[in-house]
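These come from TrEMBL:
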type	residues	note
TRANSMEM	78-101	transmembrane segment
DOMAIN	105-230	domain 'EXPERA'
TRANSMEM	108-127	transmembrane segment
TRANSMEM	151-174	transmembrane segment
TRANSMEM	186-206	transmembrane segment
TRANSMEM	212-231	transmembrane segment
DOMAIN	261-395	domain 'EXPERA'
TRANSMEM	263-284	transmembrane segment
TRANSMEM	313-332	transmembrane segment
C-alpha cells in the first residue's frame with residue numbers, strides 16, 4: 001500500500017493509480033511499480049500513473065490502458081526532425097500550387113520561407129523555456145543545444161520568433177506583390193548577422209563550449225546564407241528619390257550648425273561611441289576604478305561566464321565603434337552615398353544586440369550574482385535604450401531626407417568651393 005513518508009511525499013510500494021488489483025501481501029503482480037519518492041501533488045487525482053485521455057466524464061481503466069503516444073513522439077529527435085521536414089515540404093507545396101512558380105523566381109523567397117519556419121520553432125523554444133508551454137522541444141534543447149536554455153539563448157529566440165518572423169512575412173508579401181523589400185532586407189541582414197555571430201562565438205569560448213554537439217553545425221547555414229542574401233540585397237536597385245539637382249545642391253551646401261537635427265544626432269553618436277569604448281575597456285579588465293565599479297555595481301552581467309555579453313561588447317568596440325565614427329563623418333560631409341544602406345544594417349544589428357543584452361541582464365535565468373541590481377535599473381535601462389535609439393534615428397534620418405547623402409553633382413561641388 002502507499003506508505004506515508006511525510007505530509008508531502010509518497011513511497012510508491014504499489015501502483016500509484018490505485019486501480020490495479022493488489023494481493024493481500026502487498027506484492028505487485030500488475031504493472032511495474034515506480035521505486036521513487038514523488039511529491040503528493042505530482043499525482044493528479046483519479047488519473048493514475050499514466051495520463052488518461054478518455055474524456056472528462058470517463059474513469060481511467062487502470063494501468064493496463066495503452067500509453068499516450070505523445071510523450072514517445074516528443075522524445076524522439078529523429079521523429080521531430082522528420083516532422084519538421086514534412087511540414088516544411090508541405091508549406092512549399094501549398095505555396096507552389098497556390099501561386100505557381102512566379103514567386104520562386106526570386107531565390108530569396110525560398111530563404112525567407114525556410115527561415116520563417118525556423119523562427120516559429122525558435123518562438124516555441126523560448127516559450128517552453130519560460131514555462132508558458134511544455135512538451136514540444138525539450139529533448140532537442142536539452143540534448144542538442146543546451147546553450148539555448150541560457151537567458152541570452154531565450155532572448156534571441158524571442159527576437160527571431162517575433163521580429164524576424166514579422167520581417168519574413170513582410171518580405172514574402174512584398175515579393176508576391178512585386179514590390180521592393182530592399183530596406184527591410186538590409187535591416188534583417190544586420191539583425192541576423194549580429195545575432196548569429198555573438199551566439200556562435202559565445203558558444204565556442206563560454207561555459208558551454210564543452211557541451212557542443214553535432215547539432216551545433218545546424219547554425220552554419222545561418223552564417224553562409226545571410227552572406228549570400230546580403231550580396232543579393234545590395235545588388236538590388238535603390239529606390240531613387242525624385243529630387244532636382246538644385247534641391248540636392250541646397251541640402252549639401254548647408255553646414256552642420258544649419259542642420260540642428262543632424263547636429264543632435266552627431267552628439268548622440270559621439271556619446272554612443274564613448275560609451276562603446278568604455279564598456280569595451282570594462283570587459284577587457286581595465287584596472288581603472290570606474291571600470292571596476294561599473295562591472296560590479298551597474299552591469300554585473302558582463303562577468304557572466306556564458307561569454308555572450310563579453311563577446312557582444314568586444315564586437316561593439318572593434319566593429320561598431322569605427323562605424324560610429326564613419327557615421328559622424330557621413331553626417332558632417334555631404335555625398336556619402338553608402339551611409340543610407342549601411343545605416344539600416346547597423347540599425348538592425350544594434351536593435352537585436354541591445355534587446356538580447358538588456359533582456360538577458362534582467363532575465364531570471366541569469367544567475368543572481370550577474371543580474372542587474374534593482375537600485376540601478378532605471379539608469380541601466382536609460383543608457384541601453386538610448387544606445388539602441390541612436391542607430392534607429394540615424395537610419396530614419398537617412399531614409400526621410402536622403403538628399404544630403406546623394407552623390408555630389410557638379411553644381412554641389414561648385415557650391416562647396418564657394419564655402420571654402
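Glycine is treated like the rest: Cβ placed from N, Cα and C.
In TrEMBL, annotation is done automatically, which means it is predicted and not curated.
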Chain residues outside the transmembrane segment (313-332) and at least six past its termini with a C-beta under 8 angstroms from it: 194, 197-198, 256, 262, 265-266, 269-270, 272-273, 276-277, 279-284, 302, 338-339, 342-343, 346, 349-350, 353, 394, 405
Tally of DSSP helical, extended and coil residues in the domain 'EXPERA' (105-230): 103 helix, 0 strand, 23 coil
Within the domain 'EXPERA' (261-395), residues counted as helix, strand or coil by DSSP: 110 helix, 0 strand, 25 coil
For the domain 'EXPERA' (105-230), the mean pLDDT of the predicted model: 90
